[in-house]
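What follows is a set of notes on a single structure, which appears directly below.
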């Protein structure tokens, strides 16, 4: 009698995954994003802390500076100009474009050390803060969505990447002052509208809130000792000392940076509040017959240009320190003038340069990344980026092209990673956000403890 063959073992369905494998597959995009973030931080450290990449000195060439910006602008206009989805004043494409071309000049200012446009850069930064007031007010006032998860997602957008960069590079938060400054004024807009939100439909109440915000800013920054009393308990978060200026008050940088634009965010909120009336006025001008329309537009344009010329000749041309003293009270003038001129006609409102619009979407990432893979802090924690990263020493234009390609590409990926991880870590569920935060805190404490043990052992 022949031998009986063994009974076949039971097998699961072909291709069926075990629960752990299914969990890994479901988390694949999130794990990939965390891995990519780690690679970016490693790249920052190699480029700006390891000493493996040499530095180069900054050199300002006015002709080259403006030629690069002009060429980029011409390329953008002739190849990427597109019609906006809406011809309303300050539509989304227009504000993204505005952020984009300002960011390009801001970055070139740092790269070439173009100190002669310092005052213009101050106006650009004020415009970013203005947009914080304008954008957040528009959202909370119109949608009335004060939910925790939405606010947490905004905080994630502003602080996620900079948090890990500070840890990896051993830098203080205020070195990247744009992040804490926008965070502060985002909180301010949120609470200004959250408190007494049931009365936000009243014009008098909203105007009263603007007055309270203005008074609070006056007290905080103008009355000696108040700023220190308010932010002193949080000095560990807001202190910053430039290694080249070790004797400066650790809170001076935060006081100076936040104080420069202490009022313009309120102007942004006011512009958002009166935006429907501005839009209605522009629509009435558009509906006039041609002769009256052209006359009205010329009159508005001439008055605006006159005001901007006064500001330019009286304020903008002042030396740096004198200009800084007036900037908090006058930055709204060029911002308002630009808004009026940019939206003066239906044609101007209907088109945008999508290249600058794209640049405007990654301003936060390009701002942070420039410190470490475009410029260089010369292997010194908390140092200002006073040098350039030199992948091709001795060939400045080739080096500029290669470093810029790397830098912009990395910034684009960081933008995507930040959004991918926001979806996973800060969902539209407040309870899940709390659980994720608890897990992150436990993980952070464990990592800190392990680091302390290893550092003491070695």
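Every residue, even glycine, has its Cβ placed from backbone N, Cα and C.
Of the given residue ranges 175-195, 238-258, 259-279, TrEMBL assigns the label transmembrane segment to 175-195. Among the ranges 75-98, 147-170, 387-410, the one that TrEMBL lists as transmembrane segment is 387-410.
Ranges compared are 47-65, 294-312, and TrEMBL records transmembrane segment for 294-312. Between the stretches 117-142, 429-454, TrEMBL puts its transmembrane segment entry on 117-142. Simply put, out of 324-341, 353-375, 387-410, 353-375 has the most Cβ pairs sitting under 8 Å from the transmembrane segment (175-195). Residues 89-90, 98, 119, 122-123, 126-127, 130, 221, 259-264, 267, 271, 300-301, 304-305, 307-308, 311-312, 315-316, 318, 348 of the same chain lie 6+ residues outside the transmembrane segment (324-341) yet bring a C-beta within less than 8 angstroms of a C-beta in it. When Cβ-Cβ distances below 8 Å are used as the criterion, the transmembrane segment (117-142) is approached by residues 90, 95, 98-99, 102, 105-106, 109, 154, 178, 181-182, 185-186, 189-190, 193-194, 200, 206, 260-261, 264-269, 271-273, 275, 316, 318, 320, 323-324, 327, 331-332, 334-335, 338, 363 of the same chain, each at least six residues removed from its ends.
Same-chain neighbours of the transmembrane segment (207-234): 188, 192-193, 195-196, 251, 254-255, 258-259, 262-263, 266, 269-270, 273, 328, counting only residues six or more beyond its ends whose CB sits under 8 Å from a CB of the stretch.
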